[in-house]
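Marked as active site, nucleophile by TrEMBL: 353. As annotated by TrEMBL, Zn(2+) binding site applies to 131, 240, 542, 585. Sequence annotations record features per position, and here TrEMBL assigns domain 'Neutral/alkaline non-lysosomal ceramidase N-terminal' to 40-614. Annotation source TrEMBL lists domain 'Neutral/alkaline non-lysosomal ceramidase C-terminal' at 616-779.
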């Protein structure tokens, strides 16, 4: 039942029947099974995209030592489709991944064409990354993005392609009549500018138009099925996925992935009631299913006696399906209605950090140098601090929770209904040689051009979210002789390239490096999706705050001044960052001159933003006028050229007399834990690369119901349960799984146990699944 109809049922009795029917007429857009003013088909979908949780370098920080070794919580692809009943449709997929990949996009589109024909193409499908820096790498096709992952990682790539396809299939199969609402609001404490010295180089008159040096506005879409009521929400808000640090080794969706899980759980527990998160949800841990499970009732002594009867059994063989079926949110146990899907999408986050306390020196505790983010001239000790400092998990939870609470507020108060056409425009452009017309300061215009991709010296300095190494520093517009010699071994840039990229001192001339294949992209997609008065600008990179503002304003001006008058001043324009492929950063011309990390990572030179604005204005003009656009040059498909140096899993083994799944370190006998305590169990395990347990779980907490029935309560999808995998030596065949459960305040008292699922690989390559359980214990 809809949000408004629930409220109305409390007040209708005292009023007359005529007033009751007036109320009914007011609620069709929110209600379930009532009159509808919907003019769209809407569908949502979600699927597991968690990659290999062992041995693979994580994507984002370019830290060779950041190797995956377990799961904080699982990653998902979340999709929505909006279609006119007899007309156009658009698809938007939000990935719990660092960014989209051109190769992934190409292969997803090939699968969609094989399944649906020309219904879903590069023109109307957008695939966007949330920019977590805690997901497995190796799924992009250009060399510079897969060096630290030792080349291409097929498992990382395949699970993304599979998961995106499945999320779109779900959304397609869930298409039903429904309505869409849009809402906006400010979220003040989830992001700060990490390069304020570059931002301050923008014109003072321009800066004076804005209250903050980062965008604080969240834009949310609410999807309401005519029959089922709300089925999803997608929002866009700018903050980096860097609450988890460069030393973290657990797969995590970071703050945006956490916010999505928190909000989906909030909805599952509250249905469509218009309420705010309770105290446990305010801590970022929504109430779990254990609150409503009738556990074993008895006093503490009786609970201990019951728990004592369940000692840890030997590990035993299992089927893969058992892991899927035991998941708390298993699709096998869903009702016959669509599961609520909530996505927290990325936008112009280029210079926005979630480490809101500021950047400080590790050695002195003082603030880092303002212009260069250094400590005593070195960048390695300058780190941003999240709100939970020094606990990165706490920081992730807090920033995720802040986004979730704002989204819940916007969701509950969304009143502006989306109406109008569904449309789209898409083009590929060669950004290595675009002619760009820009205004001259004294009037008139001049023609400039973009450059082949190149990365500056300050790129290697990293950011306050994840500093680099050696003697690089942000704000370096000159470079140094030693690193130029190192650079020239790979490729010395030409004078034309050096002049084109000025004042960037080139460290890696990636756009002109072609061996053994392309190091960086040159052909990029740009795209506009229209859903009524909402317009989504799909960009293949990370725009800074002011760069995003300029792009949005330029497109909005075109839309609202168009000849057809279809858009009024209330058109909502959002940027979907890191979408369809990845090409690093986009700063303003003025920020580029400062050459902090973002400027050094603006690949195509100082006029990159000018090129985007010029070409998006053309797309917007075509959208308003109803004209088609040429497809442009196709990007390369480099799948057959990929090189992988990651060693495969040879085999797994346990000591003589030990089974896979046996408990190595159990909970203490007759143990009782309190809320907030940490329960730790260690199992003999096998490499998680043997089976990613897609839509399943490696870790599970179960509560005893009745005398012998164990009910799943927490799994890999839960923030409070962590799966950590380790081996005693790099090439050892033996390994352990350590499961850590921080008992949430919302956990029901009762008898619990911890369970592990895995898959071992035999010497001849056979895969055998197993499971093991801890002894039972009491939560009081």
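Backbone N, Cα and C define each Cβ position, glycine as well.
Curation plays no part in TrEMBL annotations; they are all automatic predictions.
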Other C-beta atoms that fall within 10 angstroms of the C-beta of residue 240 (Zn(2+) binding site): 29
Segment confidence, the domain 'Neutral/alkaline non-lysosomal ceramidase C-terminal' (616-779), expressed as mean pLDDT: 97
Local Cβ density at residue 353 (active site, nucleophile) - other Cβ atoms counted within 10 Å: 24
Rounded Cα-Cα span from the residue listed as 'active site, nucleophile' to residue 542 (Zn(2+) binding site), Å: 13
Binding-site residues listed as 131, 542, least Cβ neighbours within 10 Å: 131
Other CB atoms within 10 A, centred on residue 585 (Zn(2+) binding site): 24
Integer Cα-Cα distance in angstrom, residue 240 (Zn(2+) binding site) to residue 353 (active site, nucleophile): 5
For the Zn(2+) site built from 131, 240, 542, 585, further residues of that chain with CB within 8 A of the site's CB center: 346, 349, 350, 352, 541, 577, 578
